[in-house]
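**Q** Structure incoming, see below.
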Amino acid sequence: MHVDIVPVGEVSAQVKREASDGLRSVYDCEVSMHEPQSIPAGAYDGDRDQYRAEEFIDLARRVGSGGKNIAITPKDLFYRRRNYVFGLAYLGGSGSVISTYRLQTSSDGGFSNRSAGEIFSQRVRKEVVHEVGHTLGLEHCDNKRCVMNFSPTVRQVDVKEVSLCGSCQRNVL
């Protein structure tokens, strides 16, 4: 499998590296880094002061060179009536997106003794692996430690591992 990472907007080298490393370690796949892209026209919703996640998925699918493609952006994303999303993917689709905007809170609430930088890096890895998992046909998992567990808050992201549980692993690999 080949996953193409599509940076959209200003994405740091650290975020690109963490995303790439996370995908390689969990899915043992080939990962490439696409040329940076501009924010998609029409993605911004002025009433919400946020960006439509679907527009980033469409961009990743359109310009990405992989069988699976994931956009990464620092912009604050939303989907339909949800206040925000960390990421979005369509089950079995070729495009997905994560936003680092809400992953950058300074601490994990005392869950671990890691630095803010380490916590952020782990969140990026988890969300990239989670969204690409959806494109591979994985649905949300009830196992709170599994990377495919639904995590609407950063606290819940922090609880899960950067790996698939046995059940999800059997379903995808």
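Backbone N, Cα and C atoms are what each Cβ position is placed from, and that goes for glycine too.
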**Q** Let me know which member of His34, His140 Swiss-Prot also records as binding Zn(2+) 1 at the site of His130, His134.
**A** His140
**Q** Rounded to an integer, what is the Cα-Cα distance in Å between Cys165 (Zn(2+) 2 binding site) and His134 (Zn(2+) 1 binding site)?
**A** 14
**Q** In sequence order, what residues of the same chain, 6+ apart, have a Cβ less than 8 Å from the Cβ of Cys168 (Zn(2+) 2 binding site)?
**A** Gly133, Leu138, Cys141, Asn143, Cys146, Val147, Met148
**Q** What number of additional C-beta atoms lies within 10 angstroms of the C-beta atom of Cys146 (Zn(2+) 2 binding site)?
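**A** Around the Cβ of Cys146 (Zn(2+) 2 binding site), 21 other Cβ atoms lie within 10 Å.
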